[in-house]
Amino acid sequence: MERRQSMAIQHQKNSVFKRGLALLKDRRISQILEVENDCEEDSSDKDSTSNLSRRDLKSQQDQKRTLSKHESVSSLSSVNNIKIQHQPSFKRASTRTIPNVKSLVKSSMLRQIRNGKLRVLKMVIRTHDIISFCLGTLAMVIGPIEFEMFFKGDNDVQYTHTPESTALRLIISLLSLALILTNYNYYHLDFKYHKAKGSYDDLKKRFRESTQFKTMMITNFINLLHPIPMFEYQFVMKTLNYPVRYSLSAVLSNLLFLRFYLLIRVIVQCSKWTDVESESICEKEGFRPNFLFSLKAWMKQRPFLSILINFVCSMLAFGFAVRTFERSFYEDREYANFRESDQLYQNYNYVWNSFWLIVVTMSSVGYGDFYPITHLGRFVVVIASFWGMVMVSQFIYTMEVQSNFTPAQSKAYELLQRLEKRKELREDAALLIQAWWIYIQARLYPFDRRLNTSGSESRFSTDSTMRNFTQLNEIYHKRVEIFRKQRSLVERKKIPLQDSLSKTNSLMKQYLLDARVSVSQMEPIKESIESAAKEMQESNSALLQYEKNLLILERQINRASFIQNLVSSPRSGIDQRSRDLAMAQLQKLLSESLSTLSKVAPEIPQ
């Protein structure tokens, strides 16, 4: 019976233990699931109501699990009669590490997925930008061709619609409409990209409230400017007492060249400065990259290419505009009716003449062979002149930056200059020594001895002496010129020579004073080091003396122990009284030796 009862109790214990372990395991798994669900809740954009309901369900499940766990723990304590108050805290601490590792892995995976989505979105944005550039460029190419047909007209009637010009205007309208839609998608995708990246603090911000929407409206207004099919409006103005007929189609066809901004945008957008990695690096440095930063980075990386693109685009846009407005003044058969033999006539039928006028104007040369007459032509030339100043300044700055030395190049240049100056100094010194030697020889020997037996002139003759003095004079003037150049460099900085010398003198005095102060500060340090070295030497000598005394003491102790063993041994034949007296004398001798050693030994310095 007792055996059965013990087996039943053991079976009950095992079942309770298994139940408790299972509950603890379920609790651990539930904690891991809670952390995973929290990561998913942070990464997803679900509603707050669903989050609250999910948390309520989790709290109810946790309460049930904790109640069952407490029941199992109480049953374990009742069976085993052991205290398990610290067990829950131990289990809770041990289960914290696994969910943290799981959350880190989860966050890294979410970050990689987010970067992949951003790269895909960036590729779609670049595709829309390239499509917009192609549509805008095609419209800019068709525009001048259409206006040429419209200006010539039909049946020698200028400014009239022809079937070809009408068809080309319809094509331009379709291209403009497609460009507007593509431009809208471009900025809408750009807004989504920045929103997914977290550039906006307000996650509920709409596209109409963003800066992309405002930029889209401005650019679409520019894209909307094009010659209208089957529509024409003309107005007449006077210039130099001559009437000038302007056409609205001419103005709108020239405004097509405002779409050159698409070229700049596609160059910047397809560069490496707008990648996801580049933008993340810029954000780590504390600023958000924008279009201006990417444009400046591209211009700094490729300065000459940016100048070339700027020059070509400006020449094309301003050249076609000047040709359109000035040609309407000279070639209008209804109002002006100029002839090629007239003195006022300028031939703008060739587009290269208008390009020549723009190049001469932007470079601020102004030959005067071509000049604008109409009001709109003058307005275009004024804008071209101001824009030319910007281009010239950019070119000068680029040339200055490119001509500057790197630190290594400047160092090598200075070393080469010093070597060259040293070589010149050696040559001048050799000439000075040679002239001095000739002068000494001329003073030592009279003139009649400086002739050879054959009557030819020696190297100590008057002509050679004059040549040497001429070389000396040249060296002197050369050194004076070098000194003047160095002095002019000082004077260019508006620093008088006396002030520079006084400043140098004051600096030298300050340096000497600092050196004296440092030397005075080093003297006590030197004295302390010397005293410490002296104390170390004394302590070393004291230690050596101690070692000697210890050796002497060790010998005395060995002798005393030998005598003690000899006296105390029963084989020696010495009686007890003699032994006691010998031992007393031996102990007295040892104490006296120790006292003498302590008196003789020097003190070790602390």
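Indices start at 1 and increase along the chain as displayed.
Glycine residues also receive a Cβ, built from the backbone N, Cα and C atoms like all the rest.
What TrEMBL annotates here:
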- 38-74: region 'Disordered' (REGION)
- 45-72: compositional bias 'Basic and acidic residues' (COMPBIAS)
- 130-147: transmembrane segment (TRANSMEM)
- 167-187: transmembrane segment (TRANSMEM)
- 243-264: transmembrane segment (TRANSMEM)
- 304-322: transmembrane segment (TRANSMEM)
- 350-367: transmembrane segment (TRANSMEM)
- 350-398: domain 'Potassium channel' (DOMAIN)
- 379-397: transmembrane segment (TRANSMEM)
- 529-556: coiled coil (COILED)
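Below 8 angstroms of C-beta separation, residues 314-315, 318-320, 322-323, 326, 381, 384-385, 387-389, 391-392 of the same chain, each at least six residues beyond the ends of the transmembrane segment (350-367), sit close to that stretch. Long-range contacts of the transmembrane segment (379-397) within the same chain: residues 303, 306-307, 310-311, 314, 318, 321-322, 325, 357-358, 361-364, 372, each at least 6 residues beyond the stretch ends and with a Cβ under 8 Å from a Cβ of the stretch. Taking Cβ pairs closer than 8 Å, the transmembrane segment (130-147) reaches residues 165, 168-169, 171-172, 175-176, 178-179, 182-183, 186, 223, 226-227, 249-250, 253, 256-257, 259-260, 262-263, 265-266, 270, 320, 324 in its own chain, all 6 or more past its ends. Sequence-distant neighbours of the transmembrane segment (243-264) (same chain, 6+ residues past either end, Cβ-Cβ under 8 Å): 129, 132-133, 136-137, 139-140, 143-144, 146-147, 150-151, 159, 172, 179, 219, 222-223, 225-228, 231-237, 295, 309, 313, 316-317, 320-321, 324-325, 328-329, 332, 334-336, 374-376. Per DSSP, the domain 'Potassium channel' (350-398) is made up of 36 helix, 0 strand, 13 coil.
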